[in-house]
């Protein structure tokens, strides 16, 4: 039986408030409520975003007498690493996190020669019900708070610095969940990821990618924020008949609406849109679908689009499989023939279920 779409999270308790949930005004108010001088707000933000410290007991520039109080009121331990697994000769690491209410989620840290990327979750589970995705099949548990999202980024940045003497360069909202279904918290997280310390982590907006299955009104809204992040549209089919099944949100917003919203995003931001297409053997890999994909994208976005073909990653209980390499090569050739840039994504983490569509937060 097909999963139902879920745009609203089930009602459940909220995570405790954390420094990372607050903007500058909120931090000032929280510090004032503790009876501390205003400069402590900036000091705490610098420790968290600049020095990547999440435990006030390690903040030696704070008076010892207030560290415990600050720890209890502004730095709850939101996420605990329940399990870590690695592959790709240690270059890919998947972390299973457990939140304070027992909810689990996953993030993936990937090291490349020229960049370091963390793939983060915006929801525990996902309500978009895509049948080829392990996360979507599990349903939506709840939205993550802004701080829970940012803690995944801070932990990755701290691990890179402490273990490898390196810096985090890229953040992709391609883990568990539909980012634009948790719009306000994801937006706040993006702002803090891109603002320079002490207001944020100082990662270039051009190095932040927000993916979506095609929530057209939210794509337009994100464009109007003018943040300059990369938009990744998970399309997976060029025709509504197939996409209605592969990406059920297509029953709400058709391909034409998603592409019109993507065009608006490209027009407003000047940024090229990335289109994600999981290539599934004998499902969406036919030559005519490659031709149609190229034509529709060229018509809608011109040069402001790039197609990432993703060989389907296996998920438990699924009979679907990745397309053979010759089919993949022909698909790329046909999309390019329509004047659209197209490459096959380097898939990392498949053997530890850390690749696209495999995150399910099981075990731990």
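Along the chain as shown, residues are numbered 1 onward.
Just so you know, glycine gets a Cβ as well, placed from its N, Cα and C.
As recorded in Swiss-Prot:
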ACT_SITE  106  active site, proton acceptor
DOMAIN    112-350  domain 'Radical SAM core'
DISULFID  119-356  disulfide bond
BINDING   126, 130, 133  [4Fe-4S] cluster binding site
BINDING   177, 178, 211, 234, 235, 236, 313  S-adenosyl-L-methionine binding site
ACT_SITE  356  active site, S-methylcysteine intermediate
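Shown here: features listed in Swiss-Prot, placed on the structure.
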{"residue": "119", "record": "disulfide bond", "contacts (Cβ under 8 Å, 6+ apart)": "107, 108, 109, 110, 172, 174, 175"}
{"residue": "126", "record": "[4Fe-4S] cluster binding site", "contacts (Cβ under 8 Å, 6+ apart)": "133, 135, 136, 138, 139, 140, 176, 177, 178"}
{"residue": "211", "record": "S-adenosyl-L-methionine binding site", "contacts (Cβ under 8 Å, 6+ apart)": "172, 173, 174, 179, 231, 232, 233, 234, 276"}
{"residue": "235", "record": "S-adenosyl-L-methionine binding site", "contacts (Cβ under 8 Å, 6+ apart)": "214, 243, 247, 255, 258, 275, 276, 277, 293"}
When a 10 Å sphere is centred on the Cβ of residue 178 (S-adenosyl-L-methionine binding site), how many other Cβ atoms does it contain?
29
Determine the minimum-neighbour residue: among 130, 133, listed as binding-site residues, which Cβ has the fewest other Cβ atoms within 10 angstroms?
130
According to DSSP, which kind of secondary structure is residue 236 (S-adenosyl-L-methionine binding site) found in, if we only use helix, strand and coil?
coil
Cα-to-Cα gap, residue 236 (S-adenosyl-L-methionine binding site) vs residue 130 ([4Fe-4S] cluster binding site), nearest whole Å:
10
Any idea what the Cα distance is from residue 130 ([4Fe-4S] cluster binding site) over to residue 106 (active site, proton acceptor), rounded to a whole Å?
18
Max pairwise CA distance, angstrom, over record-listed S-adenosyl-L-methionine binders 177, 178, 211, 234, 235, 236, 313:
19
DSSP-derived class (H/G/I helix, E/B strand, else coil) of residue 119 (disulfide bond):
strand
Cβ packing number for residue 106 (active site, proton acceptor), 10 Å threshold:
26
Hey, what's the Cβ neighbour count for residue 236 (S-adenosyl-L-methionine binding site) at 10 Å?
27
Arithmetic mean of per-residue pLDDT over the domain 'Radical SAM core' (112-350):
95
Residue pair residue 106 (active site, proton acceptor), residue 313 (S-adenosyl-L-methionine binding site) - Cα distance, angstrom, rounded:
17
List nothing but the one residue from 177, 234 whose Cβ has the fewest other Cβ atoms within 10 Å; the candidates are the binding-site residues.
234
Among all the protein chains here, how many other CB atoms are within 10 A of the CB of residue 313 (S-adenosyl-L-methionine binding site)?
20
